[in-house]
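Peer 1: Structure provided below as structure tokens; questions to follow.
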Amino acid sequence: LLRLEELVRQFLISRESLSVRVLDAEQDPTPLLKEIRDDKVPTIIIDGSAATAGLVLAKASELGMTSTFYKYILTTMDFPLLRLDSLPAAPATVLGFSMFNTSHRFYPEFVRSLNMSWRESCEFGPYPGPALSAALLFDAVHVVVGAVRELNRSQEIGGRPLACAAPGIWPHGTSLMNYLRMVEYDGLTGRVEFNSKGQRTNYSLRVLEKGRDGHREVGQPQVTPDLSLLTTPCPSPLTTPRPSPLTVALSRPQENPYVMRVGGAGGPERYEGFCVDMLRELAALLKFRFHIKLVEDGLYGAPEPNGSWTGMVGELINRKADLAVAAFTITAEREKVIDFSKPFMTLGISILYRVHMGRKPGYFSFLDPFSPAVWLFMLLAYLAVSCVLFLAARLSPYEWYNPHPCLRERPLLENQYTLGNSLWFPVGGFLQQGAEVLPRALSTRCVSGVWWAFTLIIISSYTANLAAFLTVQRMEVPVESADDLADQTNIEYG
């Protein structure tokens with residue numbers, strides 16, 4: 001956990017997901033690799049010895065987890081010792097580190113000596129190569145010898161024997177530690193320097209990547225004070241390898257007109273058709289290469305009781321194919337596990353019929369916003385208000401007035417709400433134009449106020465309905481399903 005502390009801290013800062021899994025006592029990585037495959041985790045960091053890393057990679061190859069989707073990073077410094085024979089042509093990216101300084105003048109002699117010792121002690125198997133522990137021991141001996149030599153130059157080192165149980169200490173121990181911190185040495189593991197705490201500093205690592213013919217160096221990260229890695233690309237005469245071609249899964253070789261197999265009979269098989277032409281156009285547009293692979297079971301893809309998938313869907317889930325091209329039906333179950341492109345064809349039963357065009361508006365279309373019953377009740381309300389207004393004006397003494405107040409003889413009183421004016425006043429209020437006749441009494445004013453409120457609501461509703469009738473043409477859909485089409489007789493079909 002201490003080794004993963006900095007890694008976990010960096011993931012917490014970047015808010016990316018990190019899952020730590022530990023091998024069981026039996027050292028079988030198969031269950032863990034299956035969980036990682038089901039979780040669709042692309043980057044896997046293997047923190048263990050070279051033997052453990054080799055076992056995990058071998059099991060990953062058996063489970064089909066060595067496609068271009070996966071990237072493996074090995075923390076072991078013995079990455080050059082790994083025998084990756086189980087995945088020679090796997091397109092997965094496998095990165096590791098090494099501290100060896102292969103350009104050191106002692107490196108050839110060091111390897112030759114270890115090779116001779118290996119042959120003398122082991123009668124089987126070729127020499128795998130120098131281990132990092134041997135190189136570290138080689139550098140450690142040189143560092144200690146150099147520190148003791150410098151200490152002996154400054155002061156005489158006595159040969160007084162010491163006992164393990166004695167309370168005394170060696171008087172030259174502190175001086176030797178100081179000389180060890182002062183050592184600067186270019187060894188088999190790179191630059192050897194120590195800080196004031198006795199920790200090694202200013203060392204360099206080599207980033208190696210698995211290739212077809214072994215390992216190749218891709219960079220040299222340098223550890224900075226803020227623990228960031230600055231990768232310096234290594235100059236190499238080799239050209240940058242071309243990216244691996246995409247694997248395209250097809251369900252069956254003959255599916256006219258989408259996929260058609262041509263050639264064969266001793267010659268190479270070729271494919272043509274709508275799907276193949278579309279692939280070629282995409283490859284030319286996006287600059288990628290591809291090769292076509294037929295699915296073993298020849299199926300499109302269906303779920304199994306154990307949760308796995310068959311056909312092309314299974315090839316995509318298991319990362320055996322990068323994409324699938326076919327007359328593929330988009331279903332809800334398939335969309336849960338894979339991603340589809342935009343559909344280019346829609347199948348199913350569709351009903352086409354001519355839209356019924358609405359009739360042209362007539363001379364009395366202004367009556368359409370209200371039903372005939374509403375117009376009838378409005379007419380009855382108009383007559384009722386006129387009659388009530390006429391009677392209220394006749395019964396109220398405040399509606400009788402003298403048209404000639406200057407005459408002293410007996411005044412002749414008149415009432416402005418005659419039958420004609422009683423019918424005219426509601427019409428003016430309904431059309432929001434007003435009238436010359438204004439109510440004087442409280443009773444006639446109450447009747448007028450009720451009529452005005454009624455006309456305000458009616459006019460607002462009429463205006464809204466009339467605007468809707470003029471701008472929106474209602475579309476009647478007499479047939480909404482096949483049953484509706486069979487139950488009616490107005491629309492002919494065949």
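Backbone N, Cα and C atoms are what each Cβ position is placed from, and that goes for glycine too.
Automatic prediction, not curation, is the source of TrEMBL annotations.
What TrEMBL lists as domain 'Ionotropic glutamate receptor C-terminal' is 245-454. Positions annotated as domain 'Ionotropic glutamate receptor L-glutamate and glycine-binding' by TrEMBL: 257-318. Annotation comment: TrEMBL describes Thr329, Arg334 as L-glutamate binding site. If you look up TrEMBL, you'll see 373-393, 450-472 marked as transmembrane segment. Taken from TrEMBL, the feature site 'Crucial to convey clamshell closure to channel opening' covers Val479.
Looking at the shown structure, what environment does each listed feature sit in?
Peer 2: Per-residue pLDDT, averaged over the domain 'Ionotropic glutamate receptor C-terminal' (245-454), rounds to 81.
Here Arg334 (L-glutamate binding site) comes close to Gly301, Val313, Phe340: these same-chain residues lie at least six apart in sequence, with C-beta atoms under 8 angstroms from its C-beta.
Tertiary neighbourhood of the transmembrane segment (373-393): same-chain residues 367, 399, 415-419, 422-423, 425-427, 430, 439, 441, 443-444, 447-448, 450-451, 454, 458, selected by CB-CB distance under 8 Å and a gap of 6+ residues from either end.
Sequence-remote contacts of a segment are chain residues at least 6 beyond its ends whose Cβ falls under 8 Å from one of its Cβ atoms, and for the transmembrane segment (450-472) they are 365-366, 368-370, 378, 381, 385, 426, 429-430, 432.
Sequence-distant contacts of Val479 (site 'Crucial to convey clamshell closure to channel opening'), defined by Cβ-Cβ distance under 8 angstroms and a gap of at least six in the same chain, are Ile351, Tyr353, Leu485, Gln488, Ile491.
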Peer 1: According to DSSP, does Thr329 (L-glutamate binding site) sit in a helix, a strand, or coil?
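Peer 2: DSSP call for Thr329 (L-glutamate binding site): coil, neither helix nor strand.
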Peer 1: Could you put numbers on the helix, strand and coil content of the domain 'Ionotropic glutamate receptor L-glutamate and glycine-binding' (257-318), residue by residue per DSSP?
Peer 2: 20 helix, 16 strand, 26 coil
